[in-house]
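Heads up, the thing below is written out as structure tokens.
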Amino acid sequence: MSRSHPQTIQLRSVVSQQTRAPLSPQLAVQNPSSHSWASLSGPPPWGLGCLLALQHILVLASLLCASHLLLLRSLPPGGLSYSPAHLLASSLFACGVSTILQTWMGSRLPLVQAPSFEFLVPALVLTNQKLPLAFQTPGNSSHKLPPCEGPGCHRLELWNTSLQEVSGAVVVSGLLQGTLGLLGAPGHLFLHCGPLVLAPSLVVAGLSAYREVALFCSGHWGLALLLILLMVVCSQHLGSCQLPPCPWRPASPCTRIPAFRLLSVLVPIACVWIISALLSLSAIPLELSAPTEAPWLWLPHPTEWVWPLLTPRALAAGISMALATSISSLSCYALCGWLLHLPSLPPHACSRGLSLEGLGSVLAGLLGSPIGTASSFPNVGTVSLIQSGSQRVAYLVGLLCVGLGLSPRLAHLLTTIPLPVLGGVLGVTQAVVLSTGFSNFHLADIDSGRNVFIVGFTIFMALLLPRWLREAPVLLSTGWSPLDVLLRSLLTEHIFLAGLLGFLLENTIPGTRLERGLGQGLPSPFTAQEAWMPQNSREKTPQEHELPFPLQNLCPCVPQLARCLCPLPEDPGIEEGGPAEPGETADLLPGFGEQCPRSSREELRPH
């Protein structure tokens, strides 16, 4: 018996249930183990969907607590004039609203919106410059400020003012990102981002969080290693174990569910969380502890505290936040679409997605949150880990986030998760993002000297420059504080440097389309995926990224300036009857013809 060639894991895309693409019978027979449970069973049941949504909430909580904790620790000794539980609740509320809008009318990918580390770097630069000059020293260290107590303490005012300025930067970032989306710039640039731009960005995005992961895991390496071990065993070693959804009725023809793989994040976190509670190892960080009892019910609104503070430095930090998060979100779109086996995201969907992400950041900043919202790499890594993605689950995540945002006491329960557990979750999910970035390199001619230089130079410089700035004996100084904030923020953003260097080198160094891994003007991962789809599926799949039906009738009324947000009849793909035929793109990919047997290729071609 001849062994069939390995194929990419087929994840189920439930972006539009009316237009889902059936699998080719020949491909399913050749390698049945390569298809996920969701791809064979359709959308998950509501009960399982709630568990998957809770799983994403826990991954989101790791980002939420990590980003807020690192930011609050960077401030001088003092305290908030309000409870940190309100801070977490406002962030969760903004994440929930942004997730619902993104899934409903944005990119329409099942992307969870969460606090991003791309907001954290400019925020840290902004807060570090807020320290009085008398307590700053050249280099990387600064003297600790003496303790300060009392309601009239200047240190307390300094703490609150710093967070207000960071919230102002988040608002500026959201406005700028929304403007870029309305102008259609992201969609146009995304078409010029091939695998040599996206893959290094994903690799750097996976590697950039190793310092934070190590910091949290160092609190108790035993708990962190136990969590990582359980996640690896559940997702990989027990991933093929399938359980019936109704064990009390074994004779019923129920679909068997790979429960260990689908819940490979929830089960390990629950087990380690219980063990840490029994051993009294869980402790809430001082910066996130609530000095007063948080209310059960609370409605987030901008006038709860003071308005965000808009200063020239906040404007500079907001610009760097917008640029870094835009590159991060575009890479996240590519990663999610590649995992769900969708063709290239249309320009109008990219522009809508970034516009609504900007709206979510504006909402977060107005609610007093120091961290904006963006597409979450760890949550997309979770989709790859459990091999299941669903729009229904994304809606449930958004609703749960809104519910937690309305109850600060429930939101504060997330801080009881031990920090090593949060570090372990981020470590595994970021590792999946890293490996997915490496897997995209084969789509281009990686043996080409041109591509070897682009990949090596981009990744190394994106990791070197931020490290060099942190270790420099003298801080970068131009004499104007806002310009210093802008340069320090951009030059310490790993994902921004990777995306910028990769885009410039890829589009300026001469190379053939075969070398670059491009086909028909689209990024190579999606072109290759289109070749595997049946003809009717490839024609219907672009409809999944269109506006919802109630909003489609409003497209003729949209002003000309914002027409880039709507799919237009004059789009080349619509006029020419959809994507190119698989025979026109398969030969453009090096080695792609050998991945599919001849009989399968003939079956995919229309007669």
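A Cβ is built for glycine as well, from the same backbone N, Cα and C atoms used for every other residue.
Feature annotation from TrEMBL assigns transmembrane segment to 189-209 (among others). Tertiary neighbourhood of the transmembrane segment (189-209): same-chain residues 117, 327-328, 330-331, 333-335, 344-345, 347, 350, 377, 426, 430-438, 440-441, 443-444, 451, 454-455, 458-459, 462-463, 494-495, 497-499, 501-503, 505-507, 516-518, 521-525, selected by CB-CB distance under 8 Å and a gap of 6+ residues from either end.
Sequence-distant contacts of the transmembrane segment (221-239), counting only residues of its own chain at least 6 positions beyond either end whose CB sits under 8 Å from a CB of the stretch, comprise 258, 260-261, 263-265, 267-269, 271-272, 275-276, 281, 385-387, 418, 420-421, 423-425, 427-428. If you look up TrEMBL, you'll see 221-239 (among others) marked as transmembrane segment.
Summarising the annotation, TrEMBL assigns transmembrane segment to 259-281 (among others). Below 8 angstroms of C-beta separation, residues 37, 48, 51-52, 54-55, 58-59, 220, 223, 226-227, 230-231, 234-235, 238-243, 382, 385-388, 417-418, 421, 424-425 of the same chain, each at least six residues beyond the ends of the transmembrane segment (259-281), sit close to that stretch.
According to TrEMBL, the transmembrane segment annotation covers 393-411 (among others).
What TrEMBL records for 417-439 (among others) is transmembrane segment.
Same-chain residues lying 6 or more positions outside the transmembrane segment (451-469) and placing a CB less than 8 Å from one of its CB atoms are 196, 199-200, 203-204, 207-208, 441, 444-445, 476, 488, 491-495, 497-498, 501-502, 505-506, 509, 511, 515-516. The transmembrane segment annotation in TrEMBL covers 451-469 (among others).
Sequence-distant contacts of the transmembrane segment (485-505) (same chain, at least 6 residues past either end, Cβ-Cβ under 8 Å): 118, 121-122, 125-126, 129, 189, 192-193, 196-197, 200-201, 203-205, 207-208, 313, 316-317, 319-321, 323-324, 327-328, 330-331, 453-454, 457-459, 461-463, 465-466, 469-470, 475-476, 478. Look at TrEMBL and you will find 485-505 (among others) tagged as transmembrane segment.
Per TrEMBL, region 'Disordered' is recorded for 573-607.
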